[in-house]
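Participant: The structure's right below; bear with me while I get my questions together.
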Amino acid sequence: MFAKADGLPTRTGARIIMSEQLNVAFIKAGWHGDIVSQALTGFTEDMEASGAACALDVVDVPGAFEMPLQAMRLAATGKYDAIVAAALVVDGGIYRHDFVAQAVVDGLMRVQLDTDVPTFSVSLTPHHFQPTEEHQTFYFEHFVKKGAEAARAVRGIAALAPKG
């Protein structure tokens, strides 16, 4: 492995070698926290396996609806190369969970467009989630995969980012 002197990442096959540390904030919603935390597990495992240097700050928020505001506050610090936000928004029968999910995704998109800090959503909105062992096991494993996908997306966008 090697890094270019100009600080840009070097591609070697499907692997990107980062010559500078990535500073990433990872926001986790508290609802269904045992499942949502698996996205962080997948993210950190994939970052470590890639060899990319990554400083990670983890921020817990009460629920998904609070993620865009926290992402905006984190982006405003100028400290982060990327922000990842993870949540499981389920239909609790009281409100339309799809409205909450759409507000979250729209808010996260606004953060990245307004601040130029790449912001990634690992927010899933299943239509028929039930707290059964089968569903919990499926989403537990699925969030690990989604966290790893977010790590690859962070590295991919970092490789495209202008340096200077």
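In case you wondered, yes, glycine gets a Cβ from its N, Cα and C as well.
Curation does not apply to TrEMBL; its annotations are automatic.
From TrEMBL, here are the annotated features:
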type: ACT_SITE; residues: Arg96; note: active site, proton donor
type: BINDING; residues: Trp31, Ala64, Phe65, Glu66, Leu88, Val89, Val90, Ser121; note: 5-amino-6-(D-ribitylamino)uracil binding site
type: BINDING; residues: His135; note: (2S)-2-hydroxy-3-oxobutyl phosphate binding site
Participant: May I ask for the distance between Ala64 (5-amino-6-(D-ribitylamino)uracil binding site) and the residue listed as '(2S)-2-hydroxy-3-oxobutyl phosphate binding site', taken between their Cα atoms and rounded to an integer number of Å?
Facilitator: 20
Participant: Restricting to the chain of Trp31 (5-amino-6-(D-ribitylamino)uracil binding site) and a gap of 6 or more, list residues whose Cβ falls under 8 Å of its Cβ, or answer none.
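Facilitator: Trp31 (5-amino-6-(D-ribitylamino)uracil binding site) has long-range Cβ partners Pro62, Gly63, Ala64, Ala87, Leu88, Val89, Val90.
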Participant: Measuring Cα to Cα, how many Å separate Ser121 (5-amino-6-(D-ribitylamino)uracil binding site) from His135 ((2S)-2-hydroxy-3-oxobutyl phosphate binding site)?
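Facilitator: That separation, Cα to Cα, works out to 21 Å.
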Participant: Between Phe65 (5-amino-6-(D-ribitylamino)uracil binding site) and His135 ((2S)-2-hydroxy-3-oxobutyl phosphate binding site), how far is it from one CA atom to the other, in Å?
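Facilitator: Between the alpha carbons of Phe65 (5-amino-6-(D-ribitylamino)uracil binding site) and His135 ((2S)-2-hydroxy-3-oxobutyl phosphate binding site) there are 23 Å.
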Participant: Which of Ala64, Leu88, Val89, Val90 (the binding-site residues) has the most other Cβ atoms within 10 Å?
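Facilitator: Most Cβ neighbours within 10 Å: Ala64.
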Participant: Considering all pairs of residues in Trp31, Ala64, Phe65, Glu66, Leu88, Val89, Val90, Ser121, annotated in the record as contacting 5-amino-6-(D-ribitylamino)uracil, what is the maximal C-alpha distance expressed in whole angstrom?
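Facilitator: Site span for 5-amino-6-(D-ribitylamino)uracil, by Cα atoms: 16 Å.
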Participant: Can you tell me how far the Cα of His135 ((2S)-2-hydroxy-3-oxobutyl phosphate binding site) sits from the Cα of Glu66 (5-amino-6-(D-ribitylamino)uracil binding site), in Å?
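Facilitator: Approximately 25 Å lies between the Cα of His135 ((2S)-2-hydroxy-3-oxobutyl phosphate binding site) and that of Glu66 (5-amino-6-(D-ribitylamino)uracil binding site).
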